[in-house]
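According to Swiss-Prot, the NADP(+) binding site annotation covers Arg39, Arg45, on the basis of sequence analysis. As annotated by Swiss-Prot, FMN binding site applies to Arg132, Ser133, Ser134, Asn253, Ala254, Gly298, Lys313, Pro314, Ile315, Pro316, Thr317, Arg339.
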Amino acid sequence: MRYITAGESHGPQLTTIIEGVPAGLPLVAYDINEELARRQKGYGRGRRMQIETDQVQIVSGVRHGETLGSPIALVVENRDFAHWTKIMGAEPLTEQEEKEIKRKVTKPRPGHADLNGAIKYGHRDMRNVLERSSARETTVRVAAGAVAKKVLAELGITVAGHVIEIGGVEAKETTYRSIEELKSITEASPVRCLDEEAGNQMIKAIDDAKSNGDSIGGIVEVIVEGMPIGVGSYVHYDRKLDAKLAAAIMSINAFKGVEIGIGFEAAHRPGSEVHDEILWNEEHGYTRRTNNAGGLEGGMTTGMPIVVRGVMKPIPTLYKPLQSVDIDTKEPFTASIERSDSCAVPAASVVAEAVVAWELATALIEQFGLDRMDLIRENIEKHNEYARGF
C-alpha cells in the first residue's frame, strides 16, 4: 500500500489518494470520521479546532460500504478557507489585492520549516512554506491510518496509543489488564493518559505554558497486539519493520526521537537483562518471558506486543516569540505568530497510531498479500498455525 497527501493548512481541502488496499474491506465514512474526531480532541489544542469539524468524503475506491481494490480518494474540507479565499486562492492577485493582503510572512519561526523551506524553494513569502509544513496535513494521514486500522482490525490486530509524558510530568501508573482497557481509560482522559493523577498535573503544565505564551512537548506510546511472528525482514536494511516504524514516527511533525521496547534503557543494562527468553507451549506456540524488545527482533515481529514511543518537541509557534530576522530587511525581529496549540501531544498520540497502523498493514499485505481481504486472512491463519507447530 502507499498514499500521497495534498493540501495546505488554510486551503480549500486536504486530499489523500490511497493505493493497494485489498478488495472486500468493510469501510464507511464513520470509520474514518471517528479517528478524525479523536485527533481533534486533547487538552491544549488551539482555536482552530473550534472552527473545523473534520468530516471525510470518500470520493472513490469504495462502493456500498466495501473497498473495490482500486485507488481510494479521501477529501476533508477546510472550513476556515472561507476566511482565506484571497490569501490562499489559486488565481493570481491584482496589485491592489496584493497590497491589501496582510498575511505575508517574512519573519521565520525558530524550530519551524519556515526559513529552510523558503531558501530551498525560493519563496519570499514564507506562508508558501508554513501552509504545507503545518501539522494540519496530519488530518489526512490520520484518515489513511484509519483505513489501515480497519485492515488490521479485520485481521484481529489492535492498535492503541497513549501519552506517557507532557512537559516533564511523567505517568507513573502505566499498567493495564487488556488493550481494550487501555483504550477505554485513555479515551476518557483529556490528555490521553493512563495515570489520572499525572494527567491532572499535565493539564496544569499545559495551562502554565499557555499563560506564559509558551508551549510544551512530551512522549507518546503506541502498542499493537495480535501481529503474527516473522512480519518484516532481516534480509535487507530497507525492509526491516522496526526501521520503517521509526521512520514513520519521525515523519510526524515536531517529533525528534523514537525508541522501541525499552529503547535507550538497553544501554544501561547487561545483555542478560535485555534479551527476552523464549518459551513454548502447546496452546500458543512460541512466546517470550519478557518484552524488552518491544515485539521486534532482527527487523521482524516476535509475536509479542509491539511497543513504540516517540518524543514530540514543543510546538515552535510561541505567543512570546523568540528572536528572528526579517528576510526582507535583514533586521532583527521577533518571529511571526500563527494561531497554534499550546500542546498537541494528546492529538499526536492519535497520529502516531495512524502511522504505525499504516506501516503494519502495509507489511502484512506485502508478506501475505493478495488482492482480496478474505485470502489475506486465510494466509495469515495458515502462517499462524505453521508458526505454532514449528
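One is the number of the first residue shown, and numbering goes on along the chain from there.
Glycine residues also receive a Cβ, built from the backbone N, Cα and C atoms like all the rest.
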Count the Cβ atoms, other than its own, that fall within 10 Å of the Cβ of Arg45 (NADP(+) binding site), considering every protein chain shown. 19
Using a 10 Å radius around each Cβ and counting other Cβ atoms from all shown chains, which of the binding-site residues Arg39, Arg132, Lys313 yields the largest count? Arg39
Measuring Cα to Cα, how far is Arg45 (NADP(+) binding site) from Ile315 (FMN binding site) in Å? 11
Cβ neighbour count (within 10 Å, all chains shown) around Ser134 (FMN binding site): 21
Between Arg39 (NADP(+) binding site) and Ala254 (FMN binding site): CA-CA distance (Å): 16
Rounding to whole Å, the Cα atoms of Ile315 (FMN binding site) and Arg39 (NADP(+) binding site) are apart by 16
Measuring Cα to Cα, how many angstrom lie between Arg132 (FMN binding site) and Arg39 (NADP(+) binding site)? 18
